[in-house]
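> One structure coming up, written as structure tokens, with questions to follow.
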Amino acid sequence: MATNAKPIYQRILLKLSGEALQGAEGFGIDASVLDRMAQEVKELVELGIQVGVVIGGGNLFRGTGLAKAGMNRVVGDHMGMLATVMNGLAMRDALHRAYVNARLMSAIPLNGVCDNYSWAEAISLLRNNRVVIFAAGTGNPFFTTDSAACLRGIEIEAEAVLKATKVDGIFSADPVKHPDATLYDQLSYQDVLEKELKVMDLAAFTLARDHNLPIRVFNMNKPGALRRVVMGDKEGTLITK
């Protein structure tokens, strides 16, 4: 039951984890999951919401894992950035097949594959109701795609970062290990730090906090959850000042 007739956001940054794209496969990209996500993004565009997207790469590659095995962390992170580009290409294709205009921008130059990231161009595209997918993280090693999501969210002046996860929001403890854990409806940045809740890495989180960028954590696997978030319904956990 919608509480608002109109969306509460005009421009958002949607953060999708790479794992979200793998579905039940455990690796790679599940085409049915990809198409469902494209349809959910299409709904937002049809509501008049301007959508930026940052996708992780964990379904294809994780730099930190190989760094522990001895690989140079910078090399591993560069490989991780390329994984996000592969996911971005898949998402752009899924959006195009759903008749949604989308542009893929990479923080590292990949001529002939996708556009280079340009802040001015991204803003112009968003204003023209194009979905803009930001790939390759921040373009720098040692920074997560959550950091990229907050950075791009601030740059494009998004009203919130919507972090799509596999759980219903932020809990007082791991809901898998502790079934009686409490789901938080709303938290302040300070609450998250004091309770040491795992929302995103500290660099990403403090960036959002310092720029008063609200973060909404919700379950992307719940049908219609994304729409409910943008319509202002009770869904997931909101973090603000």
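For all residues, glycine too, the Cβ spot is worked out from N, Cα and C.
According to Swiss-Prot, the protein carries these features:
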type: BINDING; residues: LYS15, LEU16, SER17, GLY18, GLY58, ARG62, THR165, PHE171, ASP174; note: ATP binding site
type: REGION; residues: 23-28; note: region 'Involved in allosteric activation by GTP'
type: BINDING; residues: GLY57, ASP77, THR138, GLY139, ASN140, PRO141, PHE142, PHE143, THR144, THR145; note: UMP binding site
> Looking only at the region 'Involved in allosteric activation by GTP' (23-28), report the model's average pLDDT.
85
> Look up LYS15 (ATP binding site) in the DSSP assignment and report helix, strand or coil.
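LYS15 (ATP binding site) sits in a strand per DSSP.
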> Given THR144 (UMP binding site) and GLY58 (ATP binding site), what distance in Å do their CA atoms have, once rounded to a whole number?
11
> When you look at LYS15, LEU16, SER17, GLY18, GLY58, ARG62, THR165, PHE171, ASP174, which the record names as binding ATP, what is the longest CA to CA distance in angstrom?
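Roughly 25 Å, rounded to the nearest whole number.
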> Counting Cβ neighbours within 10 Å across all chains shown, tell me which of the binding-site residues GLY57, GLY58 comes out on top.
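Sorting the candidates by Cβ neighbours within 10 Å, the top entry is GLY57.
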> Let me check the 10 A CB neighbour count of THR165 (ATP binding site). How many other CB atoms are there?
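Cβ-Cβ neighbours of THR165 (ATP binding site) within 10 Å number 20.
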> Distance check, please: Cα of PHE142 (UMP binding site) against Cα of GLY58 (ATP binding site), rounded to an integer number of angstrom.
15
> For the region 'Involved in allosteric activation by GTP' (23-28), give the DSSP counts of helix residues, strand residues and coil residues.
0 helix, 0 strand, 6 coil
> Quick one: of LYS15, SER17, THR165, ASP174, which binding-site residues lie within 10 angstroms of GLY57 (UMP binding site), measuring between C-alpha atoms? Sequence order, please.
SER17
> Looking at UMP and its recorded binding residues GLY57, ASP77, THR138, GLY139, ASN140, PRO141, PHE142, PHE143, THR144, THR145, figure out the farthest C-alpha pair and report it in angstrom, whole number.
15
> Measuring Cα to Cα, tell me the gap between SER17 (ATP binding site) and THR138 (UMP binding site) in whole angstrom.
15
> Should THR165 (ATP binding site) be counted as helix, strand, or coil on the basis of DSSP?
strand
